[in-house]
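Encoded as structure tokens, the structure appears first; notes follow it.
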Amino acid sequence: MSGNFFIFLLLLVTPGEAKKSFLSFLNIQNTEMLSFTRTEENIVVRSSYKDKQPHSSYLLVKLEDPKVLQVVNVTKTSLAVTDFTVNLKTFPGETNVTLQLWESEGRQTTLIDELKNVRVRVFRQTDDSLLQAPIHVDSSIFLLVLSMILLNKCAFGCKIEFQVLQTVWKRPLPILLGVVIQFFLMPFCGFLLSQILGLPKAQAFGFVMTCTCPGGGGGYLFALLLEGDVTLAILMTCTSTSLALIMMPVNSYFYSRLLGLAGAFHVPVLKIVSTLLFILMPMSTGVIIKHKMPAKAICLERVVRPLSLTLMFVGIYLAFRMGLVFLRMANLEVFLLGLLVPALGLLFGYSLAKVYLLPLPVCKTVALETGMLNSFLALAIIQLSFSQPKAHEASVAPFTVAMCSSCEMLLLLLVYKAKRRPSLSTEYEKTPLV
């Protein structure tokens, strides 16, 4: 009886020993997806298998797509443990790799263990990448664009109405709606949609951080072009940027834990403060010009529309140039979420403002401020918090949202102007000539 029981135990143990994994990656933490950026990469595979004869085991690397990966050589190092160093030449794309451990005894070879269908993604960090190398722009062109931006913000300062500021101070409902949507509703929607679409953790975190960004300069620019309340838009942008110093670290901590991402997340305080100063200083100059030199303020107000349109197209061009390398990594789900994020911000802002019976220009402004996000603050958080290549993968989100929101707003502007044209021509025909 005891002999039969001992044999039964051996039968239980033997299959377990046969299924023991002898291979493991030594220099890679995330084995679900290997991400490479350089033209040549090395991976180290450790084998815990004890050779029956000296140097009888070897590693075979099988590549699914040789256009993405090519094996240069495999080097075996046997000291206390056995390591195989696989030298690979990489090309942009995705493929699968299978690693097999074989043992050779004379003419007979035996498969000992294998790591099947390990997913590999290769992408390049070219000069198009904002993070690795800036776009090469002539210094004179750079100074011209910078001067245009400062002049444009100064002109916006000339359009600030103190009566509107007093009204908002007494009834801050539009600002409160913007805060609730930007820092509570939008991050939750970003998290929920990223889970529904099954995005990787890094990309999901990128979208959540993009959704928790404050309003950007595009909000008050489009408030002007779409006949919203410019003063309210500027006030909402400054308020949300100030609150971002508190709300962005809170949301990054909360949602990173929900996504199962550990580590310290850094908030770019200097970048947020500099963004706020970059808005306030030239606009304060515009306010002073309006009160001290009204005639010059009128001239500045005349150029604000053409200047804003010019800067809008320059911004779209630069965003596409910088984001091109990231868009190569974007799939259908990422593009879909990139389109949904600004659209949801516009929808939530306009709908809630309408529910509270706010005037039409105010409804437009709340929608624009919650739909046009300063995505590049999310990019700064990602780059400070993650190591490459995870940071590169997460950076797809803010760039996709930035480009999709620019295209959506441009389309909205064209539709709005096309609808306005017939009504303007009708009003002109009805106007008496005398």
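Note that Cβ sites are derived from N, Cα and C of the backbone, with glycine treated the same way.
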Check: Gln100 and Val362 same membrane side, Swiss-Prot record: no
Closest-packing stretch to the transmembrane segment (366-386), where packing means Cβ pairs under 8 Å, from 173-193, 233-255, 269-289, 396-416: 396-416
Composition by DSSP (helix, strand, coil) of residues within the topological domain 'Extracellular' (19-129): 0 helix, 69 strand, 42 coil
Cβ-Cβ under 8 Å with the topological domain 'Cytoplasmic' (290-306): same-chain residues at least 6 beyond its ends: 151-152, 154-160, 224-225
Cβ-Cβ distance under 8 Å to Asn73 (N-linked glycosylation site), same chain, at least six residues away: Asn87
